[in-house]
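Report on one structure; see the data block that follows.
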Amino acid sequence: MKISNNSLGFLPTTFILVGIPGLESEHLWISVPFSLIYIIIFLGNGIILHVIRTDIALHQPMYLFLAMLALAEVRVSASTLPTVLGIFLFGNTEISLEACLFPDVLHPFFIHDGASCAAGHVFGPLYSHLQPTELHSYPDTAQGLWHRSYYRTEKHYAHGSVAHSLMASALLWPQCPLTFLLSAPQSYLSCGNISVNNIYGIFIVTSTFGLDSLLIVISYGLILHTVLGIATGEGRKKALNTCGSHVCAVLAYYVPMIGLSIVHRLGHRVSPLLQAMMANAYLFFPPVVNPIVYSIKTKEIHGAIVRMLLEKRRRV
């Protein structure tokens with residue numbers, strides 16, 4: 001690690017990303033499954049986006065939120081692609097201080113964006129069940145709410161107070177047992193006062209994931225109450241199947257997120273290998289699983305994909 005001396009104190013100019021601890025000699029082979037994961041992410045979410053864009057029947061609130069979710073997942077994966085493949089495929093383990101601080105702002109912004117889309121996606125079937133006659137006004141309302149929340153989140157991250165406080169705290173962290181840098185371990189290893197970082201982090205998590213979790217629980221409670229009131233067994237089965245795919249999507253976001261938070265709270269007791277595996281699951285599990293879940297569980301998406309493939313086959 002190279003250290004420079006400036007007005008902020010002693011600052012490291014480069015960090016070393018270990019990747020997966022204990023498997024440094026196998027990084028070339030490890031790059032193969034990671035490359036396949038990225039192919040699945042971009043291909044799967046790209047197909048979802050293409051199908052929703054081209055099929056007019058899918059231009060409905062529920063599928064528009066699904067498109068937002070897929071787009072957010074593509075952005076998260078694209079932001080980690082250079083670092084991850086750089087480590088495993090090319091052995092480029094050094095990262096500059098600027099490149100280290102940049103994901104601290106970028107990754108939470110994209111991931112919070114995706115989690116908010118997942119929460120908003122729940123309100124599509126809820127609103128259509130409770131107000132079926134007013135469904136035509138829902139896309140405009142949803143779009144306005146999404147843009148306002150997007151703007152506020154962007155405004156929080158654009159001020160850059162957290163990144164500046166990290167630099168002012170003079171980080172001394174020569175090695176990171178992950179394929180990317182997380183703000184939690186960075187803050188613990190800083191040499192200055194990190195109270196602002198901790199308060200800001202708690203506020204962001206509470207106002208995004210905490211609020212999303214509460215709204216999701218309330219929404220599914222109302223959906224379940226509505227579904228149980230459906231007279232026909234076929235309609236009940238269809239509604240429960242749709243809700244099941246939504247639950248899988250939400251769990252794909254929140255389970256790795258909660259697991260990684262617990263691991264980092266107990267970081268001094270947990271092996272670096274487990275931390276690395278949890279961190280990678282946190283980044284890669286939702287983008288990989290969600291396209292598979294929706295292409296299988298959602299009948300409309302599945303049918304649109306089949307029609308697209310059959311049309312491509314006839315053209316060939």
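Quick reminder: no glycine exception, Cβ is built from N, Cα and C everywhere.
Lifted from Swiss-Prot, the feature list:
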{"type": "DISULFID", "residues": "Cys100-Cys191", "note": "disulfide bond"}
{"type": "CARBOHYD", "residues": "Asn5", "note": "N-linked glycosylation site"}
{"type": "TOPO_DOM", "residues": "1-31", "note": "topological domain 'Extracellular'"}
{"type": "TOPO_DOM", "residues": "53-63", "note": "topological domain 'Cytoplasmic'"}
{"type": "TOPO_DOM", "residues": "85-104", "note": "topological domain 'Extracellular'"}
{"type": "TOPO_DOM", "residues": "126-161", "note": "topological domain 'Cytoplasmic'"}
{"type": "TOPO_DOM", "residues": "183-191", "note": "topological domain 'Extracellular'"}
{"type": "TOPO_DOM", "residues": "213-242", "note": "topological domain 'Cytoplasmic'"}
{"type": "TOPO_DOM", "residues": "264-275", "note": "topological domain 'Extracellular'"}
{"type": "TOPO_DOM", "residues": "297-316", "note": "topological domain 'Cytoplasmic'"}
{"type": "TRANSMEM", "residues": "32-52", "note": "transmembrane segment"}
{"type": "TRANSMEM", "residues": "64-84", "note": "transmembrane segment"}
{"type": "TRANSMEM", "residues": "105-125", "note": "transmembrane segment"}
{"type": "TRANSMEM", "residues": "162-182", "note": "transmembrane segment"}
{"type": "TRANSMEM", "residues": "192-212", "note": "transmembrane segment"}
{"type": "TRANSMEM", "residues": "243-263", "note": "transmembrane segment"}
{"type": "TRANSMEM", "residues": "276-296", "note": "transmembrane segment"}
Please report, as numbers and ranges, the same-chain residues at least 6 past the borders of the topological domain 'Cytoplasmic' (297-316) whose CB is under 8 Å from any CB of it. 47-48, 50-52, 54-55, 57-58, 63, 66, 238, 241-242, 244-245, 248
Average the per-residue pLDDT over the topological domain 'Cytoplasmic' (213-242) and send me the rounded value. 72
Provide the three-state DSSP residue tally for the topological domain 'Cytoplasmic' (213-242): helix first, then strand, then coil. 26 helix, 0 strand, 4 coil
